[in-house]
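Have a look at the structure below before the remarks.
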Ligand SMILES: [Zn+2]
């Protein structure tokens, strides 16, 4: 299950970012996942819950923002959804395009530190 290795990488990176920010407890992490990144959000969420134990993210929630895959057609300056499975064909001029604008993202966009204990 490759989501587990991705979740582990996200947790390690978020843990580093949180510590660099001077916090060792994280409430939530937001990641952007492109439609073509090859990650199943539900599986990632499950893997996150397994992998977070014993880290600064032990109590953290995972928010997944899904990014639709969009390709660009230069000749008609048109951005179009490639869908899933991806189909790189401009719907306006009926020609192939392989210029992917978005859809391969796999990145942390936000970390929410846990509130200090009262
Ligand atoms: Zn076109």
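Cβ coordinates are placed from backbone N, Cα and C, and glycine is handled just like the others.
If you look up TrEMBL, you'll see 2 marked as Ni(2+) binding site. The C-beta environment of residue 2 (Ni(2+) binding site), restricted to residues of the same chain at least 6 apart in sequence and closer than 8 Å, consists of 38.
The Cβ of residue 93 (Zn(2+) binding site) lies under 8 Å from the Cβ of 73, 75, 76, 78, each of which sits 6+ residues away along the same chain. According to its DSSP assignment, residue 93 (Zn(2+) binding site) is coil. Sequence annotations record features per position, and here TrEMBL assigns Zn(2+) binding site to 73, 76, 90, 93.
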Number of other Cβ atoms within 10 Å of the Cβ of residue 90 (Zn(2+) binding site) across all protein chains:
18
